[in-house]
Amino acid sequence: MALAHNLGFPRIGRDRELKKAQEAFWKGELDEAGLRAVGRELRAAHWQIQKNAGIELLPVGDFAWYDQVLTHSLTFGVIPERFRAHGDAKPTLQTLFAMARGVSDRCCGGAHAQEMTKWFDTNYHYLVPEFSADQPFELSWEQLFEEVEEAHALGHAVKPVVIGPLTYLWLGKTKGTDFDKLNLVERLLPLYGQIFRRLAAQGVEWVQIDEPILALDLPQEWKNAFERTYNLLQSEPLKKLVATYFGGLDDNLGLAAGLPVDGLHLDLVRAPEQFPTILDRLPAYKILSLGLVNGRNVWRCDLERSLEVLRHAHERVGERLWVAPSCSLLHSPVDLEREDQLDGELKSWLAFAVQKCAEVALLARAVNEPQAPEVQAALEQSRAVQASRAASPRIHKPEVKARLAAVHAQDSQRQSPFAERIVKQRAGLNLPDFPTTTIGSFPQTSAIRLARQAFRQGKLSVADYTEAMHSEIRHAVEIQENLGLDVLVHGEAERNDMVEYFAEQLDGYLFTRFGWVQSYGSRCVKPAVIFGDLSRPQAMTVAWIKYAQSLTSKVMKGMLTGPVTMLMWSFPREDVSREVQARQLALAIRDEVVDLEAAGIRIVQIDEAAFREGLPLRRSDWGRYLDWATEAFRLCASGVRDETQIHTHMCYSEFNDVIESIAAMDADVITIETSRSDMELLEAFEKFEYPNEIGPGVYDIHSPRVPGKDEMVKLLRKATQRIPAERLWVNPDCGLKTRAWPETEAALVNMVAAARELRRDVALLG
Ligand code: GLN
Ligand code: ZN
């Protein structure tokens, strides 16, 4: 018998009930009992949904008040000093939210939140544990045991989920004196023992231990630590399933297969090539759990294809076969049934978490009772869905494919090399040294949001909406002229989001109403879905930018989102490669760049905020990614004359690994984040001799603080030590849409003054 289980279910609720309750609690509108009641109802509902779908072992421990890594930190007592209550009081829900969100304290000075970072290559963010060299570990949080109790009381068979000790340590960072965090494992392990014993006493049989770092390039000491760690845990009670996901085990496959545990889960969606190799490596006593339903995308599973793998596995491992989603369903939207406005055909191609559970159960059942009529019917339906997608003219656009096929190598080359282009650009643009600009967006006031919303709801006519946006543009242009900025922007008032705004205007994208996925804490995102060949039916931004340019004699910069970012922040297709989708996007955006040029726009910025985060988890896969990502950017940027200046923007600061690819993108100007790292990141640009122009952000837009002129002058002087002055631009770290106008204007006044001071420096030297 194959068994259907789940690695984790989304916690937010089909209507984002958790988000609403958290935010109400933070505002003081809901008390703790009320918040806890919402959590309890969500857990009960989610277990029931999974059980109804046919999942036999339900996850517990996938619920979190903010983030599952943070829950573990509380469980282990990894609570930084600044959040510790006086005496040895146990942490409370207040402690948890303080660690997540920081406290700005009236009396005691407050404490900054723990750092947040991306969970592997997903868009989920976790709170980074902070370890000190003498880090004590102490069982300090009862949530897991309480939730097991809760599930048992509801009559469920459960499998608690914990993050494995090595992955937990890997995710954290050391504070204070430098030390090897791997040394902490000896002290941490007894807690896993305690937890397993308590769970066993509660009548639990299986525990799932997530060790996704087994899909990374691990240093040898970490590999060695796996064997040691699991040898030690072996004597503790419970059957143990080690779960890996987000990639293949590759060189860690033998190690993972050989660990002294009772089962191993593999992600066969991301790394199908691990099968059938694993069959030869898995010891004869071990459960093999195969992740065949994609936990990270929205498409229905091709049941027949997955079943083929399962049947093969079943022949070899027999009763020891389990079926699951590839990873926790935390990364899928909750329930497709909620989508009441999606047309029937598109809807028939999709599956969210609830539907994915049913797919997992069906696959197990298809192994166990291949002749059951329900199984036959489901397979028949799955076949029909696959066939309809494969042939649908809504997906397959011959003209898009033909255009892509006709792309030549020179289409992704500018006409002349940078050295020649820049001369022509400087002559035409006539900018001072240290030209000043901003990254694109200006404060998104509530008036702007209300106007957009009213327009969407049909309460504002096209003419009135256009006038409202025009008035925002006039306001932004006037302010920029008064500030004395050199290259102006229109301010992006018409944009809800840098990806969605463009996705809505492209053919080949679909939008859900309720397809929310947790990003961090109470924040959820609703990515657009690429379902078909992508194209641009008409110009997307030209009218706005042209209007903005008509208001000023200064240079107006056109503002677009690049192909890699469009792809990374959408749910992609699974029937064609990411590279093909990026190239289709590139051609669509290229048309917009060309149209902007034709409309008289002389600078076009193409944002690639997600370029670096697209890097694969394994280094060996970097080269291929960087090749196609760079190529896609070039393809979209190379349709213009030498005189037209292409900017790109990336709002982060770790470039060391990818600087050569950034240079290969061949943008004339790149603006990046640097103020928070005190220009340190420019090291990368120095070592490699980045050839084109750079605007290292001189102030941090994430904080309302207004930096003084001298501060920015200092940063700029530092930058001139690494980058020739004639190639430097002056700009903030990122867009200003989350800021308010007063602090924005104040900061930009200082920024313009700083640029002028740098110009005086140069004049004196010159
Ligand atoms: N042009 C965008 C803005 O200013 C860039 C945003 C980003 O890089 N995240 O808002
Ligand atoms: Zn940015």
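Backbone N, Cα and C atoms are what each Cβ position is placed from, and that goes for glycine too.
TrEMBL entries are annotated by machine, without manual review.
From the candidate list C524, C734, the residue TrEMBL records in the Zn(2+) site shared with H649, C651, E673 is C734. Site annotation (TrEMBL): L-homocysteine is bound by I439, G440, S441, D607, and the candidate from E481, E492, E494, E654 recorded at this site is E492. Site annotation for 5-methyltetrahydropteroyltri-L-glutamate in TrEMBL covers R16, E17, L18, K19, K118, N123, R523, C524, W569, and the matching candidate from E467, E472, E478, E613 is E613. Excluding H649, C651, E673, C734 themselves, the residues of that chain whose CB lies within 8 A of the CB mean position for the Zn(2+) site are, in sequence, I439, A609, M650, Y652, T671, I672, G697, D733, G735. Across the recorded positions listed here (H649, C651, E673, H702), the residue whose Cβ sits among the most other Cβ atoms within 10 Å is H649. For ligand 1, the nearby recorded positions are C651; that is, of C651, E673, H702, these have a C-beta under 6 Å from one of its atoms. For H702 (active site, proton donor), the binding-site residues whose C-alpha atoms fall inside a 10 Å radius of its own C-alpha are C734, out of H649, E673, C734. Around the Cβ of C734 (Zn(2+) binding site), a 10 Å sphere holds 25 further Cβ atoms from the protein chains shown. Ligand 2 lies under 6 Å from the Cβ of the following recorded positions, listed in sequence order from C651, E673, H702, C734: C651, C734.
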